[in-house]
Amino acid sequence: MSKISDNDLYGTNFSIESMKVIAESIGIGNLADDAAKELADDVSYRVKHIIQDAAKFMNHAKRTKLIQSDIDSALKVKNIEPQYGFQSAEPLPFRFASGGGRELHFIEEKEVDLNDLLQNLNPKAPLECALRSHWLFIDGVQPTIPENPPPVAKTTQKLESVDPINKKPAKETSGKPTTGKQKLRNVETVQIKQLATHELSVEQQLYYKEITEACVGSDEGRRAEALQSLSSDPGLHEMLPRMCTFIIEGVRVNVVQNNLAILIYLMRMVKALLDNQSLYLEKYLHELIPSVTTCIVSKQFCNRPDQDNHWALRDFASRLMSQICKNFNTSTNNIQTRVTRMFCNALNQADKVPLSSLYGALQGLSELGTEVARIFILPKIKVIGARIESHLEGSLISNIDKTASGHIKQLLIKVLAPILKTIRDPPDNLEEYKQEYGYLGIALHNAVIKARTQPNPVTTVPSNISGTITSSSSITRTVTTPTGIIQQNSNTGRTIVMNPPRVSTQQGNQKFVFVTQRPQTPIGASQSQTNTSTQQNTVVKFVSNAAGQTQQKLTGQQKLVVVSNPMQTNFSTQSSGLMSPTSQPPAMLISKSSFALQQQQSQQLQPPTVDDLSHLA
Amino acid sequence: MDKGQIAAVLQILKRYNLKGTEELLRKEASLEDNADEDVLQPDSSVSSVLTGYKSDGDPETYEASYMELKHFVEGTLDIYKHELGTILYPVFVHMYLELVYNGHTEKAVALMKKFGPEQDSYYQDDLKKLALVMKPDHMNGNELADTFKSNQFIIRISRDTLSLLKRHLNDKKASVLLNIIQEHLYFDMYEGVARNKKQIDATSGAIGGEAKRQDNKTKVYYGIPKLPDIQSLSAPVEEEEEVGDQDNPDKPKKKKAKKDPLFSKKTKSDPNAPPADRIPVPELKDNDKLEKVKALREASKRIVLGPELLPSCCCYTLLNANYSVCCAEVSEDSSMLAVGFNDSIIKVFTLVPQKLKAMKSAEQLEEVNIEAEDVLVRMMDERSGETSRKLCGHGGAVYSVSFSPDRALLLSCSEDTTIRLWSLQIWTCLVVYKGHMFPVWDVKFSPLGYYFASASYDRTARLWATDHYQPLRLFTGHFSDVNCIQFHPNSNYVATGSSDRRVCLWDCATGNHVRLMTGHKSPIHALAFSVCGRFLASSGTDSGVLIWDLSHGHLIAQLMGHERAVHCLAFSRCGNVLVSAGLDCSMKIWDFTKLTEDASSEEVNVSHNPDVKIGTEYLIRDFATKNSPLINLHFTRRNLLLAVAIFDGTNV
């Protein structure tokens, strides 16, 4: 087919080549050019005609996508036998590919494993159409419930923060005449942004109080609920500035007071806000980024730096930073560049900054991706190696510095080994490594050799003198994505639930922690039955007694992220009792109904066991 | 008719062996038998005679003469320029078709490529369709080419402008142009000042050109007659007494109530209301009266909406229904919701705590005491209550459903070309109405029951009565599919909206069209009459909502704001508010009272369309749903808004 250009009344036509290929496929070898031309013209005309008619059927079915049955109906109307065997309930997902100056639209056809087909004797029945009622608005006011779109759409929030002058007048004023203002606008060149009052309703104030208390309080169960609400409630837009202020001030105060636990909680709040689909944090980044950075590179977070696991906070905050960079980096704000530069500055003074800050900077850089790590960390490795060598092997050994150096070493090996594996060619010469990477050469050499022999490059278990053995910090999340059974929640319906029935045994100096993970679906019982990817991961952790205690706690903490989108589950789980097909208008209207729902949900969850961070406080 | 045409008709009659007709025609046209030989021509000539596209014009001259016409239009005074500009499009189209018809495809394509893109933007879609026609044989069966071929394009033009054009044509003697203008264009001339660009743009855009003045001259009884049984209803206590002997005494009473409005002023009846016996209506049954009383009681609790008091809306979202639901309809008393599916099923949901019950079996019915007060309740099987029921029978997608006013019947129309009548008491199909030859797009019960109207792909709308297999009236005249149909609140008229972008009002009593309104720029998909009966709102895929005044057929407002096709419109029961919603997942509330006040405050010039109100000043508020295109709107008797939406999970 030839290319389509805009505003061309004639559009595309079948080419002569297409006709010839089609003719060949039905056994007509040498179709004359004239005949092919004639055919191509006629076929193009007929096909376009049919598509025009099919569009009528699409319009009458009140759709905006053409589906196969529309074409069939159009053929039927023209008294042509419809094409059998191309039925599909949904429009075909056309893929687009271009290359070599050609553009191609095609349908991706999946390979079907016949064994699966044979074993799955009863194919899944399509879900029955059901009715659900909710208040769209009451006396002209739209309630903030999961069934309704968020009061300020994410796109408008985004627009507002990127281009505040072009802010559209609020919906409420759209009905009233605004001629006076507009006239003024034409005369004066200075545009003044309208003052917006942000008054929180009593309910919102209560909510704010509850949430902030729960987030930094001692009850882990309530915290989980509060964080879940923060990460999924659609109506938080108005409270966002206050939440951010809470976090910023909290970080400022607690860093000084060395209150590690609170800092962790605050970072979890940032994470929850980042995860909220209906919020756009761009406007508050200038406040949040310094706070997060503080939690990565600050010199000291706790009173006992040799015992408490402030490393985990640095790791967690680094991940947050990389998430922020990923979400909000644009060509105008250059967040990633600026963050990278900031960490590099710390690296450049590798012999002056405290070891804990050095660790934070390294971790922050490594979370930004392997490319960043390769460019910025690798050249510095010799200097860093020299510095930690003195702490690890030297005679004047301070326990704090030793631990810190151990962590740095471990981190560097973990990050750099996969990179070295790819940039260096197989014969790994120990001497070369020593020459190039100094003190860390030996350890890196070992790690690379190991990585080459192991099929799984992620987990590196270095044996080093400090005796701390940790499994790789890759987060073990189990995301259950329903495989096509429920069409509504394909991308955002996340149900991440961990259920750790654990056995701890004390063996001399070491502690074995078995964490069994099983994807669970708290509400949609039907999901787990049909979910084929149900699997059991057993993670075994060897944790030394000294530094490990806190480590173990923190891993637990990271995993106890319970994220679910209540709105999604509402809409999709037909079989559950949450949804009644009877169609009574919703009886009560509270802006926090999703919060209530979450409470329900989390009651079904098992409260987090052993790992309670409260003792840290 | 000239001889050539008569000969062509005779030839056809002969071919189909219709001897009687042939002889009659011969006699009437006083043609001798031997004339047969004179005009005996090859078959192909038949079509050529009838199309009127046969032309010996030099294909080279077309482009030049169009250019020349364009220069002439651009060179005239500004006051005439825009009105003259309206002839460019039809002339262009006919030139293209003439070139194609005579086999000069390259010339035609060159013409289209050169001048097509500069035509008005709302004609571009049509030009794309026309551009498909590249061979003479493509012209058969092409809807648009057929329409242009067999209908004159109507252009409203002032006397001055027309004389200017005539002078020009006489001066130039451009035969190609002259032919086209004489054969295919119809000038509807009016006295007065030529219209400006804005006025012309407001009413142009339809396939066959603008409406003639003649089309909108007939008087329309757009008023609402007084409720025939209002006396009995105002005192519901009396109702019971009347029930006993209602048959005879009630009838004259009704008649009296209907007739007296003209001379009894205290009843304050609408002077524009039709006489009550204009169309025959079946008598009301006891049950209907009880229903009316109930409705009136409910109505007394209604809140009056306005910009200060906005409605509440309960949204019914259909889940797991993406790409499978075609239509939905809520019954008048808001107790039931019917949904038509792509896979030919109809589902009825109850929206109230009462479940959907079926009638008892024949044996059990015999035991029911007919004299009992609550015989209708006793008839139903208590144990059969369900919250939703399925109706199966159609053989194609169900495009529309409609409840009868008494809620006992449901109508549905389908892609399988049939209309079906279903009983909501025994839950089976009662009648299959066959008449349409092509998919039926819309069907509506009359507000009084008994009558219903349908609209179809076959370009006709039909009026039916439930007890007749054949349609009572056939409304023909649209150039393309009739997409939607709506009964006037007084049941005397039906309005149709079509893909030819015209709204038409038909008189049920005569079957004639009484209003023809142009101004839409794309197919029309929804219609709604105002509560007072004087205004009509229409909307379609061009995402604008247009308001028409039926008293003169004028376009009075163009409510813009939607981004996609608008498939549902609803007036509040108090008539103050218009709600529109569509596939862009948004719902807009318009201040209709303000609109009508503004419109009536202006002086009405009968022959001229008044200035069309455009803009958002009538928009009170808009609301969005969460990825759920809206397919139906309904105001309950108490003015609660019900919306039906389909949740589209694929776009989340």
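Think of each number as a place in line: the chain as shown, counted from 1.
Each residue, glycine too, has its Cβ placed from N, Cα and C.
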Problem - Among ranges B:33-54, B:209-230, B:385-406, whichever one TrEMBL labels region 'Disordered' - result: B:33-54
Exercise for the section: Please average pLDDT over the repeat 'WD' (B:475-516) for the predicted structure. Expected result: 90
Handout entry: Cβ contacts under 8 Å made by the repeat 'WD' (B:475-516) with residues that lie 6+ beyond its boundaries
Key = 143, 147, 151, 205-208, 211-212, 215-216, 218, 220-225, 273-274, 278-279, 281, 441-448, 451, 453-457, 459-463, 522-529, 531, 533, 536, 538, 540, 546, 548, 550, 553
Handout entry: For the repeat 'WD' (B:433-464), sequence-distant contacts whose Cβ falls under 8 Å of one of its Cβ atoms, 6 or more beyond its ends
Key = 279, 281-282, 288, 396, 399-406, 409, 411-421, 470-476, 478-487, 489-491, 494, 496, 498, 506, 508, 511
Handout entry: Spatial neighbours of the repeat 'WD' (B:559-600) far in sequence, C-beta under 8 Å, 6+ residues away
Key = 299, 302-307, 310-311, 313, 525-532, 535, 537-541, 543-547, 549, 610, 613-616, 618-639, 641, 643, 645
